[in-house]
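As recorded in TrEMBL, the features of this protein are as follows:
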SIGNAL    1-23  signal peptide
TRANSMEM  300-324  transmembrane segment
REGION    350-400  region 'Disordered'
COMPBIAS  390-400  compositional bias 'Acidic residues'
TRANSMEM  437-457  transmembrane segment
TRANSMEM  491-509  transmembrane segment
TRANSMEM  537-558  transmembrane segment
TRANSMEM  564-583  transmembrane segment
TRANSMEM  595-614  transmembrane segment
TRANSMEM  620-642  transmembrane segment
TRANSMEM  692-711  transmembrane segment
TRANSMEM  717-738  transmembrane segment
TRANSMEM  750-770  transmembrane segment
TRANSMEM  801-820  transmembrane segment
Amino acid sequence: MAGRAAPAPGALLCALLWATAAAAGGGPGDNPAPGAFGRVYRGAVNISAERVYAFAYRSEPGQVDAVRVYVNSSSENLRYPVLFVVRQQKGVLSWQVPLIFRGLYQRTYNYQEVSRTLCPSEPAPETRPSDQVIFVDVASMAPFNIAYELLVTRLENFQLETNKAFNFTASPSQPQYFLYKFPRDVDSVIINVVSDAAYPCSVVSVQDIVCPVYDLDHNVEFNGVYQSMTKQAAITVQRKDFPGEQFFVVFVIKPEDYACGGSVPSSIHGNVNRTWNLQRTKNLQVTIVPSIKKSVYVQAMFFSFLGFLSFYLGSVVVAFVHYISTEVKLTVSLGSVSIAGSGIMTSSHPISASTPEGSSYGAIDESSSSGGHQLASPERRPPAGSDTDSSVEEESDFDTMPEIESDKNIIRTKVFLYLSDLSRKDRRIVSKKYKIYFWNIITIAVFYALPVIQLVITYQTVVNVTGNQDICYYNFLCAHPLGVLSAFNNILSNVGHMMLGFLFLLIVLRRDILHRRAMEMKDIYTLDYGIPKHFGLFYAMGIALMMEGVLSACYHVCPNYSNFQFDTSFMYMIAGLCMLKLYQTRHPDINASAYSAYASFAVVISLAVLGVVFGKNDMWFWVVFSMIHVLASLALSTQIYYMGRFKIAPCAGCSGFLSFPLTDLGMFRRAVMVLYTDCIQQCSRPMYMDRMVLLIVGNLVNWSFAIFGLVYRPRDFASYILGIFICNLLLYLAFYIIMKLRSSEKLLPIPMFCIVATAVVWAAALYFFFQTLSSWEETPAESREKNRPCILLGFFDDHDVWHFLSAAALFFSFLVLLTLDDDLDTVRRDKIPVF
C-alpha cells in the first residue's frame, strides 16, 4: 500500500454522496453528479427531470474561499424559466434564468446569462484544513426540455488589499463583491471607485460579513451603506462600525440610468416594454486607502481656533495702540489748555476755521441749514448721559419732529443736503429705534435656528439609519466623519463666522462704551461733530454673522437642494443690513425701521422658498418674480431720490409731495404729470444729479438680473437672489466711497487697510467658492464626479477654505462700514454732505 497514491478529499466526498443517494433509492435527478471547478456543464431539464451537482473543495485555515457560479440558458420562455438553487453549509441562494429586472413604467429587462458570487464560508477556527461542499440544483416546471450551461469557479482575487488598485467588470445580471479586512494599524479607510465611462449607472455598497449578500438591483439598498455612481464614488468606512473588522464591497449595475441622471434607452420607447440581454457592461477600478488619523482631527481643530484667535490678538493690539495715541493727544490737549487758556477752541477745531467754504461737496451758505443748528443747540438737547432706554418711549415717538410736515418737505428736497438736515431728531429716540434691529434679529435667529437644527439632525439620522448616501451632497473624497456627523470638516470650518461675529460685537461694544463716556463728559465733538453714533445696526450685523456660521454648519450637516436656503437666509440679511447701515450713516432720521426692514427680508426669504419649489421649470413664476423685481427697484429708487417725500399731489401747485385719497380719479393723470416734469423735462439736468446717476446704474443692474433670470431661469434660485443683493451692496459701497473722495474727505489708515484687506480676501475667497466640489442641481452620482481630495492639512477641502476666507472677508467688510467715516469726527455736521 505504501506505493499507492491517496485519493483526493473531493473524490472521497463525491463517492460518499453517490453511495448515499444510491442507498436511498433515489432516481437519476436525485443523484448529485460530482462537479469540477472550471468545467462547463451542459444539459437540459424539464418538469420530470432535474439535475443536482456537488462541488467539493478544501479550505485552508484562516482563508476565506469564494466561489462564483455562471449559468446560461437559451430559452426566452418567461412562463417556464430555469431555476437554479445553490445550497451551502449555512445558506441557500436561488435565482431564475431569464433573470428579470424591472425599470420605470413597468419596463422589464431580461438576461439569459447570469453569474453570482456565493457568500463565502467563515474561516474555520481550527488549525487543520476543512472540507466544504456546494450543491447546485437545476430545475424547471416546463413540460419540455430547456437547455442550460453551468460553470463553477473559485475566485483567486476575492480579498482587496490596501493601497492596491483592482480592476474588474460587472453588469446588471453579473454583480460583483469583494472582501476587505482592516489592517491592525488602520481605523478608517476610504473606498475609491472610478470608471472611464459615466454609464451604465452603478451602485457601490458596503455591507457587513453576513449572508445573504444583497447584490441585485432590487435589494442592494436593503443593507449597509450605498451610493449611486457614474464615474466616481467614495465611501469612508470606520473600523468601529464593523465588529468583525471586515466588510464586503458590493458593485451593482442598474438596468436603467435615470437614477444617475441618464435617460431611458431609446430602444424601449413606445409600446415596447421588454428588452432582452441589453449590453450594460461597466469596467470599474477600486482602491482602498487609509483615511486620516485622529491626530489630524486635533491639528485641524487647533488650526481653526488659533487662526481666528489671532484676529482677537490683532484687535487687542490695535485697541492698545489707539489707547496710547488717545492718551498722548489728551496730554497734548491739556498742555495747550494750560498755555492758551481760553484759546482752546481755536486749537481744538482747526478744521472749522481753516476749511474753505467751497471745499465740501455741494457747499452752500450756512444759513441754508440754520434750522438744523437751532434743533441741535444745547438748549434743545437732552441732558448728556441720558442715552439709556426708556420703556415709555414708543415707536410712535421715533418720527417726532418739532417742525410741521411742510418743513420736512422744504428741508429734504433742497438741492444740497448736509448731515445736520437729516440728523434733527432726538438722539435717544433714534438710538432706541436702531436698537430694535438688534433685539429683533436675536428673536428671529432663535425661532429660525431651532427648527433648522432639529431638521438637519433628522436628515443625519436618516442617512445613518438607512445608509443612503445619496441624500446628502458631500465632497466624499474629503468628508471626515466624527461621531454621528458624516462631514465634520465642513462644519468645523464655519467656526470662523461665529468667532469673528462675536469679535465684531466686542469691537462695537467698545466703541459704544467710549461714545457713552464721551457723552457723559459733554464732549463737544460727540455732540455737534461727525456722524451720529447709532450702534444698533452694527450689533445686528454681528449677530447675523454669527448666525450665518451656525446655519451654514447646519446646512453642511446634510447639504441638499431642500435645505440650501438655510445657508443663504442670513446672507440676505447681512447684505440688507450692510446697505441699511451705509444709508443710515448720512440719513439717520429717515432710514427704514426695523419692522419694515425685517418684513422685507421675510418677503425675500419667502420668494427664495417659492423659487426652490417653482423656479425649476415654471415660466409663470419667473415672469411674476421679474415683474416684482423691476417694480420694487423703481419704487425704492423713487423713495431714495426724493428722500422719502414723494407722493402724488391731488392739486395743482402742490409740487408732488402731498398725500391723496385712493379714490381720487385724477391720481393717474397727476402721476403722468409728475413723471413728465421730474423725469422728462429735467432729464438733461436732474435736480439731484449724483443720486440720479446711482439710481440709473442700479436700475440697469437690477433690470439685467431680471432679464437674465427670465431668459435662463437658473436652478440655483437662492444664489441668484444672493447675487442680486451682493451686486447692489457693492454698487452702493463703491458709490459711497467715490462720493466721499469727491467731497474732499479722507480715508484714514485703518479703513484703508480694511478696504484693501476686504478686496484681497474676497478675491481669494471667491476663487475657492467657484471650485465646485458638489452640486445639488444634478443627481448625487453626477455631483460626485466633481468631488476632489482635501487641500489643507489633509482635512479641509476647497469649500472649507471658502468658509475660512469668507468669514474673514465679511469681518473686514464690517470693519470698513464701522471705520469708514472716522475722519469726520472733527467735522461739523453742517459741513458733511449727504449722498
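Even glycines carry a Cβ here, placed using N, Cα and C.
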Ranking 564-583, 595-614, 801-820 by Cβ pairs under 8 Å to the transmembrane segment (300-324), which is first? 801-820
Short question: which residues 6 or more past the ends of the transmembrane segment (564-583) have a Cβ under 8 Å from it? 437, 441, 445, 448, 452, 456, 537-538, 540-541, 544-545, 547-548, 551-552, 554-556, 591-592, 597, 600-601, 604-605, 608-609, 612, 640, 716, 718-719, 721-722, 725-726, 728-729, 732-733, 736, 776, 810, 813-814, 817
At a Cβ cut-off of 8 Å, and with pairs 6 or more apart in sequence only, do we get at least 3 pairs between the transmembrane segment (437-457) and the transmembrane segment (750-770), yes or no? no
Other parts of the chain folded back onto the transmembrane segment (801-820), taken as Cβ under 8 Å at six or more residues beyond its ends: 304, 307-308, 311, 490, 493-494, 496-497, 499-501, 503-504, 507-508, 511, 538, 541-542, 545, 548-549, 552, 574, 578, 581-582, 585, 733, 736-737, 740, 747-748, 750-751, 754-755, 757-758, 761-762, 764-765, 768-769, 771, 791-792
Contact set, same chain, for the transmembrane segment (750-770): CB under 8 Å, 6 or more residues outside the stretch: 318, 737, 798-799, 801-802, 805-806, 808-809, 812-813, 815-816, 819-820, 822
Residues outside the transmembrane segment (692-711) whose C-beta sits under 8 Å from one of its C-beta atoms, at least 6 past its ends, are 622-623, 625-626, 629-630, 633-634, 637, 640-641, 686, 720, 723-724, 727-728, 731-732, 735
For the transmembrane segment (491-509), distant same-chain residues with Cβ under 8 A (at least six beyond the ends): 300-301, 304-305, 307-309, 311-312, 315, 485, 535, 538-539, 541-550, 552-553, 556-557, 796, 799-801, 803-804, 806-808, 810-811, 814-815, 818
